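Novice: The structure that follows is given in the form of structure tokens.
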Amino acid sequence: TYIGSIVASVNPYKSIPGLYDGAAVERYSKHHMGEIAPHIFAVANECYRCLWKRHDNQCILISGESGAGKTESTKLILKFLSAMSQHSLELSSREKTSCVEQAILES
């Protein structure tokens with residue numbers, strides 16, 4: 001569930017099919033946080049959007065007790081950010097300008 005811009009999650013201690021696959025990355029990349037069900041990808045997407053659209057520095061704090069899934073959560077956030085960065089790279093290569101170059105040009 002969301003608590004403001006915080007997502008509170010529970011480690012299910014088992015794999016849930018489709019929860020963290022490519023389709024989930026795609027789904028959460030197209031929505032703002034709060035538009036669809038709470039998910040760690042929604043938090044990662046909000047950070048990505050703020051970083052590139054608003055040029056705001058970002059930080060994600062992952063907290064919990066031993067065995068709560070902090071390492072797995074970190075891996076999932078990095079998976080999402082990597083997929084989004086790859087997507088941006090593909091778009092910019094088609095447009096012949098990178099997101100970083102675009103941000104510099106807009107400044």
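Each Cβ is built from the backbone N, Cα and C atoms, and glycine gets one as well.
Here TrEMBL flags G64, E65, S66, G67, A68, G69, K70, T71 as ATP binding site. Per TrEMBL, domain 'Myosin motor' is recorded for 1-107.
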Novice: Grab the pLDDT values for the domain 'Myosin motor' (1-107) and give me their mean, rounded.
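Specialist: Averaged over the domain 'Myosin motor' (1-107), per-residue pLDDT gives 84.
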Novice: Quick one: of S66, T71, which of the binding-site residues has the smallest count of other CB atoms within 10 A?
Specialist: S66
Novice: Based on DSSP, tally up the residues of the domain 'Myosin motor' (1-107) by helix, strand and coil.
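Specialist: So the domain 'Myosin motor' (1-107) is made up of 56 helix, 4 strand, 47 coil.
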Novice: Quick check: with G64, E65, S66, G67, A68, G69, K70, T71 left out, which same-chain residues have Cβ atoms within 8 Å of the centroid of the ATP site Cβ atoms?
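Specialist: Once G64, E65, S66, G67, A68, G69, K70, T71 are set aside, the remaining close residues are N11.
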Novice: Would you count the other CB atoms within 10 A of the CB of G69 (ATP binding site), including those on all shown protein chains?
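Specialist: Neighbour count, Cβ to Cβ under the 10 Å cut-off: 18.
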Novice: List, in sequence order, the same-chain residues at least six positions removed whose CB sits under 8 Å from that of G64 (ATP binding site)?
Specialist: K70
Novice: If you count Cβ atoms within 10 Å of the Cβ of G67 (ATP binding site), leaving out that atom itself, what do you get?
Specialist: 9
